Amino acid sequence: MWSYALKRAGTTAVTLLAASIIIFAFIHIVPGDPIYVLLGDTATPDQIDALRHQLGLDQPIILQYLTWIGHVLEGNLGRSIFFQAPVLSVIADGAETSALLATMTMIWVTLIGVPIGMIAAVRHGTWLDQGLSGAAMLMASIPTFWVGLYLILIFAAWLGWFPSSGYPSIFEGGLVNLRYLVLPSLALAAPNAALILRLTRASMLDVSREDYVRTARAKGIRPWQVVVRHILRNALLAVVSAFGFTFAALLSEAVVTETVFALPGIGRLVVQSILRRDYPVIQGVILVIVVVYLLINLIVDLSYRLLDPRVELQ
Amino acid sequence: MLSVRDLTVSLGPETAPVDIVAGVSFELGKGEILGLVGESGCGKSMTSLAVMGLLPQPGPRIRAGRVLLEGCDVTQLQPWQRVVAGHGRMAMIFQEPMTSLNPVRRIGDQIAEAVRVHDRLSGPPAIDRARELLEQVRMPDPAMQLSAYPHQLSGGQRQRVMIAIALACRPQVLIADEPTTALDVTIQVQVLGLLRELCNRLDMAMLFITHDMGVIAQLADRVSVMYAGRIVETAGVEALFGRPRHHYTRGLMDCMPSRNSGARRLPTIAGQPPAPGTVGAGCVFASRCAAVRETCRTAAPPRAEVSQGHDVLCAFPLDGGEPR
Amino acid sequence: MSRDGAILWLKPFIARPIALLGLGILLGTILAATFAPWLAPYDPYAIDPSIRLTPPNALHWFGTDQFGRDTLSRVIHSARMALLIGSGVVMFALATGVPIGVLSALFPRLGHLLMRMVDVLMAFPSLLLALGLIVVLGPSVANAILAIGLGYMTTTTRIVYGLTLRLRMETYVEASRSMGAGTAWLIGKHILPNLVSPLLVQASFVFAFAQLGAASLDFLGLGAPPEIPSWGNMLAESRTFITRAPWLLFFPGMMIVATAFSLNLVGDALRDRLDPRFRQLFSEKG
Ligand SMILES: Nc1ncnc2c1ncn2[C@@H]1O[C@H](COP(=O)(O)OP(=O)(O)OP(=O)(O)O)[C@@H](O)[C@H]1O
Ligand code: SF4
Ligand SMILES: [Mg+2]
């Protein structure tokens with residue numbers, strides 16, 4: 001287990017390193033010299049040279065990369081041009097919203113996707129199964145922002161049950177502020193719950209064809225006991241590994257959802273920074289999201305192995 | 001004990017069924033070992049799964065026939081339904097010990113689960129009973145193995161666990177579907193020995209399925225030979241090996257290594273068994289039979305009792321006295 | 001294609017009425033895109049302030065937008081953009097994914113390197129990758145295709161790689177290789193023909209998800225230029241009128257759903273008739 005964990009962590013580190021090169025290169029291939037972006041077109045050549053030197057842009061590219069990565073490891077992601085503040089603190093401001101949104105979404109995804117997927121699998125081949133599978137496919141085909149807009153219309157504008165936009169921190173207004181995240185998380189959960197539903201169903205059907213399920217039936221235990229004790233646990237093992245992918249999809253779709261609901265998260269930060277051409281922030285957010293994504297996948301992968309006793313001895 | 005009558009298992013639509021098991025009948029007396037032999041794909045597993053109520057769904061289904069356990073009709077009943085109805089004393093072990101145990105649950109749990117159903121025990125007594133069962137199947141260090149996972153055991157040990165699970169049902173009838181085919185020869189001998197001993201000691205009847213005539217010769221009291229979904233000959237083991245009356249049985253015997261001395265290549269029966277659904281009105285073996293005649297192809301052969309307890313499905317059975 | 005061949009291809013659809021529905025919607029979209037100028041009752045660009053935000057009525061079946069433009073006509077014309085983006089993304093994904101995947105599987109050393117690079121690209125969530133690329137290239141239809149396509153290039157490469165490895169191991173390919181068959185011959189004769197059906201499945205799913213990706217980019221104002229009618233642009237423009245004119249967002253949204261859904265249905269039906277060896281490569285992850 002430990003040697004596997006180390007190996008897996010090593011691969012993650014290598015991937016991260018390669019990704020960091022791409023992210024570093026990003027700022028160098030964006031149109032226009034970042035110097036002009038910083039100083040505007042009215043700068044004198046002297047000012048330009050001075051800033052170029054100050055930022056280390058006159059150094060060889062390799063050295064620039066090493067300096068950059070060194071700063072990143074120290075937690076210094078550069079300064080936001082728009083906010084005139086460290087990128088890391090700008091990102092940290094949005095982290096609470098995004099983390100809570102993602103968590104709440106994952107809770108919906110699990111609560112909706114797994115049980116309904118189970119029902120579809122148990123009723124395999126019936127009208128109920130076909131209806132649920134079809135509904136899941138339909139849900140996966142709906143744009144999240146569209147669902148979001150109609151959720152706002154119905155539950156915020158017409159019924160007034162939930163606020164339509166924004167999110168004041170729970171640290172200031174208490175846990176009741178979570179109600180601001182109910183509609184966005186539901187919109188974000190819809191397509192992902194659909195994917196988890198289909199995956200749960202498919203892996204339960206796969207497992208139910210295994211020989212050991214036949215052995216369990218042969219013992220004379222009841223069908224629901226066969227499902228709970230033999231099919232479900234083994235099938236969920238496969239579902240767990242999909243949670244990492246779901247989380248990744250979620251990080252990206254949150255970009256749109258946060259925009260629709262005007263949530264102060266890092267997703268909306270990306271979109272606004274793109275429109276403002278605030279390149280250091282874009283770069284920083286991409287880096288942070290990639291790190292989070294890779295770490296979550298690492299954790300999911302390792303916990304998957306912990307749940308499966310077969311790897312104990314290896 | 002177990003009586004199977006005209007069992008027919010079919011695939012495909014109700015209107016155009018394809019029979020993969022066609023009118024199989026056999027009787028299994030108390031403590032008796034009946035061997036069921038036949039080539040791969042002739043329907044042995046389907047017969048046994050149909051008897052147990054374990055046919056895969058969706059898929060083949062029992063279209064006709066009856067299964068009687070101690071005189072009670074258990075046709076179409078799944079194991080749990082049999083248990084509820086009080087006919088739980090029939091168990092089965094399977095061909096693939098590597099995949100027949102749940103990889104993520106401990107051996108003790110998997111045995112105790114069956115104990116709970118059949119002995120209505122729970123908690124520590126169930127685990128005690130599980131350990132006792134592991135002792136019965138000669139598992140080395142049973143107390144330790146209770147907390148092992150299947151991947152920590154060898155193939156032979158896993159098959160012993162499967163037998164222990166079957167014994168938890170306190171079976172009067174045990175169905176063993178090629179239980180040793182996947183094992184090494186030495187392990188195979190040990191497991192066969194164990195099964196025979198258990199049958200004797202627990203006075204348990206066994207339907208033993210294999211395609212190995214040698215194993216049948218050692219183990220069985222009576223033998224049924226299956227071909228293309230039909231039982232073509234049934235006899236006591238001596239009668240069958242001494243005086244086979246069906247042409248197919250005779251062919252199988254000629255293929256046995258012990259019957260062919262020396263360097264000569266093993267003969268095989270020429271041709272292929274017919275695919276399910278392609279058999280016509282006549283004898284299913286007609287396409288490969290050396291003694292085939294015109295009537296064989298047009299009319300189904302009768303089932304004839306050639307001597308006491310010796311049935312043959314052939315219009316022109318071999319003469320018992322014919323020199324071999 | 002022979003008649004039997006056509007029947008073979010239609011079989012999964014005939015057996016499943018819902019898949020037939022998918023095929024129908026898809027055909028409808030293609031027809032709408034092709035004959036848009038004839039089908040649309042009005043000029044999609046014609047502005048008429050006197051009929052701003054009218055609800056659906058006999059003259060304007062889907063109502064009008066904030067400039068008094070006919071929603072139905074705009075919805076019909078938008079089908080062109082949907083098909084353009086969808087087929088563009090599919091072609092980009094196939095044109096890059098197939099060669100990279102096949103070569104990676106045939107030349108293990110190169111393949112190892114390339115697949116690691118694919119892994120790195122996969123560490124970027126696909127919409128984020130698209131956004132980053134749009135930043136570098138600037139928003140336009142072609143760049144939207146490229147940006148969305150990049151995300152599906154990786155999954156397509158993975159699938160082609162997996163398929164080719166399997167095909168390569170299969171004995172008949174092994175045999176033809178040992179008889180001195182050239183690599184080009186091997187690819188042309190044994191690998192590509194076997195990739196056709198699985199790639200058709202992949203193409204359906206990519207087409208479906210490209211609709212959603214393009215809609216997201218349009219909605220953020222980073223996709224097709226706002227003057228071009230597209231379902232995503234229509235949603236972005238009328239977003240603020242949702243309480244006053246809820247129907248405005250309904251029809252373009254429904255069209256996105258209908259196209260994505262129908263392609264998913266078609267892909268699903270095609271996957272089920274795929275060789276079981278290949279089917280498992282298309283997991284339920286979409
Ligand atoms: N799920 C299924 N669906 C359709 N046909 C099946 C299915 N399972 C088995 N068959 C067919 O049923 C026939 C009987 O199979 P069965 O498994 O009973 O043979 P067998 O005698 O046990 O062979 P073996 O010695 O290989 O185990 C075979 O022709 C097989 O192709
Ligand atoms: S009935 Fe005819 S074909 Fe069939 S086994 Fe007997 S002799 Fe051979
Ligand atoms: Mg079998």
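Sequential numbering from 1, following the chain as shown.
Using the three backbone atoms N, Cα and C, a Cβ is placed for every residue, glycine included.
Values in this document were obtained by computation on a predicted structure and should not be read as measured data.
Positions annotated as transmembrane segment by TrEMBL: A:12-30 (among others).
Residues or ranges marked as domain 'ABC transmembrane type-1' in TrEMBL: A:95-300.
What TrEMBL records for A:99-122 (among others) is transmembrane segment.
If you look up TrEMBL, you'll see A:134-161 (among others) marked as transmembrane segment. Residues 116, 120, 183-184, 186-188, 190-191, 193-195, 197-198, 253, 256-257, 259-261 of the same chain, all 6+ positions outside the transmembrane segment (A:134-161), place their C-beta atoms under 8 angstroms from a C-beta of that stretch.
Taken from TrEMBL, the feature transmembrane segment applies to A:181-199 (among others). Long-range neighbours of the transmembrane segment (A:181-199) within the same chain, counting only residues 6 or more positions beyond its ends whose Cβ lies under 8 Å from a Cβ of the stretch, are 97, 100-101, 104-105, 107-110, 112-114, 116-117, 120, 132-133, 136-142, 144-145, 147-148, 151-152, 155-156, 162, 164, 167, 238-239, 242-243, 246, 249-250, 253-254, 257-258, 260-261, 263.
Here the transmembrane segment (A:231-251) has Cβ contacts under 8 Å with residues 98, 102, 105-106, 109, 114, 118, 121, 188, 191-192, 195-196, 199-200, 203-204, 206-208, 210, 213, 267, 289, 292-293, 296-297, 300-301, 303-304, 307-308 of the same chain, all six or more residues outside its ends. Marked as transmembrane segment by TrEMBL: A:231-251 (among others).
Beyond the transmembrane segment (A:281-300), the same-chain residues lying 6 or more positions past its ends with a Cβ under 8 Å from any Cβ of the stretch are 8-9, 12, 15-16, 19-20, 23, 26-27, 72, 77-78, 80-83, 87-88, 90-91, 240-241, 243-245, 247-248, 251, 266, 269-270, 273-274. Per TrEMBL, transmembrane segment is recorded for A:281-300 (among others).
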Chain residues in Cβ proximity to the transmembrane segment (A:12-30) (below 8 Å; excluding those fewer than six residues from its ends, i.e. six or more beyond): 61, 65, 68-69, 72, 279-280, 282-283, 286-287, 290-291, 294-295, 297-298
